Amino acid sequence: MNLVKKVLVAAPMVIALVGILTFVMTYQNIGFTNRFVEQWLTSTLLSATTIAPIGFVMVMVISKVAESLMPNTAKIIKNTVIGISMAIIMEGIMAAVTTINNVPYRSMSEFINTWFHAFTIALPVGLLISVFMTLTVKPRLERFMAS
């Protein structure tokens with residue numbers, strides 16, 4: 001039962017965050033066309049199902065690496081580094097999933113160009129969200145998950 005509560009707390013946050021970022025990426029990929037809502041929802045679903053498991057593992061790995069590389073650094077600085085690292089990695093993966101879902105590409109260079117535009121337009125939003133999450137939400141969520 002305790003695990004169910006933890007999942008019920010984490011799942012809406014993940015879906016909301018992924019939804020916001022895929023909204024920006026889908027807009028960059030195809031604009032507000034007739035297909036926008038369908039493509040955005042599909043991208044959100046695909047990204048959430050790939051990002052959530054990867055994200056939970058990545059935050060643990062990045063946290064351990066940050067702790068080992070910066071053992072005497074203030075927690076707020078470590079959490080900021082973790083947030084920025086998570087944003088860059090997860091945005092890259094989400095941009096790839098969203099671009100694959102939204103744009104039929106004919107060459108790798110076309111895919112990379114489209115991915116790069118989606119990544120760079122969503123990165124500032126992702127960085128803001130990620131730093132906010134690691135500085136405010138993550139400590140509270142860690143306490144909740146430990147209980």
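Just so it is clear, glycine is given a Cβ too, placed from its N, Cα and C backbone atoms.
Database features, via TrEMBL:
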TRANSMEM  7-28  transmembrane segment
TRANSMEM  40-61  transmembrane segment
TRANSMEM  81-103  transmembrane segment
TRANSMEM  115-137  transmembrane segment
Maximum Cβ pairs under 8 Å to the transmembrane segment (40-61) - stretch from the list 7-28, 81-103, 115-137: 81-103
Chain residues in Cβ proximity to the transmembrane segment (81-103) (below 8 Å; excluding those fewer than six residues from its ends, i.e. six or more beyond): 18, 21-22, 25-26, 29-30, 39, 42-43, 46-47, 50-51, 54-55, 58-59, 62-63, 66, 70, 111, 114-116, 118-119, 122-123, 126-127, 129-135, 138
